[in-house]
Amino acid sequence: METISNIFHNDPLPPLGARANQSIKLRKFIISPYDSRYRTWETFLLVLVVYSAWICPFELAYLRNLSWKVSLVDNIIDSFFAIDIILTFFLAYLDQKSYLLVDDPKRIVARYFSSWFLFDVCSTIPYQLLGQIFKKHENGLAYRLLSMLRLWRLRRLSELFARLEKDIRLNYYWIRCTKLISVTLFAVHCSGCFNYLIADRYPNPARTWIGAAIPNYRSQNLWVRYVTAIYWSITTLTTTGYGDLHAENQREMLFSICYMLFNLGLTAYLIGNMTNLVVQGSCRTRNFRDTIHAASQFAARNQLPGHIKDEMLSHICLRYKTEGLKQKETLDSLPKGIRSSIACNLFLPVIEKVYLFHGVSFTCMIQLVTEMEAEYYPPREVVILQNEAPRDVYILVSGAVEERVEIDGTEKVQEVLCNGEIFGEIGVICSIPQPCAFHTIKVSQLLRLNTAVLKNIIKENSDDRRVILNNLSQKMNQDHRFSTEVMEKSLQMMHQHFGEYNRCSALNQDNEKNELKANNGHSMALEWKRVTIHMYSQRNKRPEAPLAKVINLPGSLDKLFAIACQKFNNYRLTKLVNPEFAEIDDITVIRDGDHLFFMEI
């Protein structure tokens, strides 16, 4: 399990050929930015950054005379960031061009000096301590203004939120809200402190925004003064403006003008981001309601029957519920190899149970699985109509589907299909109108396979084609729901379409088996590999080569040499090579149409 600090970082892209668990080897004394100890150190610094962001404006406005406790805490925090500067000189960095970690000390130092080194040093110098060392103006405004450079550390928080927003383990909505709230609180805190600083530095305390409301405000408790400043800041930011606290002099007026101009941009930023988050959350629901309303109006305008309207609304509701799965969009965005692996993992166990594919090769199974698409259907949904043109084959994964046949104007339920059964295959393979209708009984998940895709796969795999056609023939012979005319027509169309027509009928199973065996033997003969053999002799410089011979490839190399000796009886054959003069020692590597060369040495 990864530690909590791991979510703050993005690991480097591994080079091609690297193993998933390959460790990163760096030079001695060089720190990896992805080391767990360094990540813990960075997480600790983030806590100190939050403290610095709050204390810097507060010290500038309210703490004219720093106590030794506050000064000690500030110096300790500065020392931690000074240590981080030293560590950065030994910290490897990720090259944005090669995406490799650079561990060359010279390059690390050069990069740091040319980037954030000067800013990090200026934000780490203990200016208050320097004032105390010089014994003059130790708590002067100049030193306190220089201490505001510590706000440069906020860039670490900005990088943190940028990483958190990309972390899929965290809720993006709440990360964005946290960021917006943090920006708002920091702006309110800084503006309140700055406005109090202006009033505190004004010569006439009575003519200040806080002095007009609270006479002798400097004698008040620190908490009262801070809350009053924050109250003014938040009412101005939200444009509430009760009027009880307002600018009394030109300095405060100028600051109020600048603050309100800043508020215009900040408010636009906050409202724009929040609106975007809210719209993203409600847009899907609004589109669903609009679709339901449009479908209802369509049904009412065209006076559709109630059951058709219910089917429309059920389909829309199911699509809305399953939209979050986004199966097709997710799979389409992946490479073909990953899609094939996912499809095999999800659908291959289901395909193996289908009677139509019993006995087919694993290669054919893979081809079928990768072309299937998963779909959801609501209850009482019509999947296939009777006598419609065959378009798709469906396999039931979950749910229930009933098979209906209309006889003499009356629709009857013939069978209820369960998980792992296929339907629509008779019309598709036999190229006839669908003999039955299929309706879902409850919410069902189906695998859909296009007609053209299925036929192409069957045609490309001759051995599997015979197995599939044989399985379908046996299924139809065992099924007594179809008439003899329908069965004979289906079998005839099936074999005519795939070029394997036989005269079997559903009424004579013995003749069908004998005919199928004869056809299988004939097909095997047609599928023998044909090769062209040549004679190549090295005994003479310019031999008269005999004509090449086209033969059927036998089952072994010994038989092949025997045939070649008969064809080239005047030569002594010693070796068999391919056109690239690579020796062949296995009959299985020879393909249909290859040119083989027998050598005489």
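For all residues, glycine too, the Cβ spot is worked out from N, Cα and C.
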Of 228-247, 368-387, 388-407, 568-587, the range Swiss-Prot labels intramembrane segment: 228-247
Check: SER71 and GLN250 same membrane side, Swiss-Prot record: yes
Winner by Cβ pairs under 8 Å against the transmembrane segment (113-133), considering only 72-92, 145-165, 180-200, 252-272: 72-92
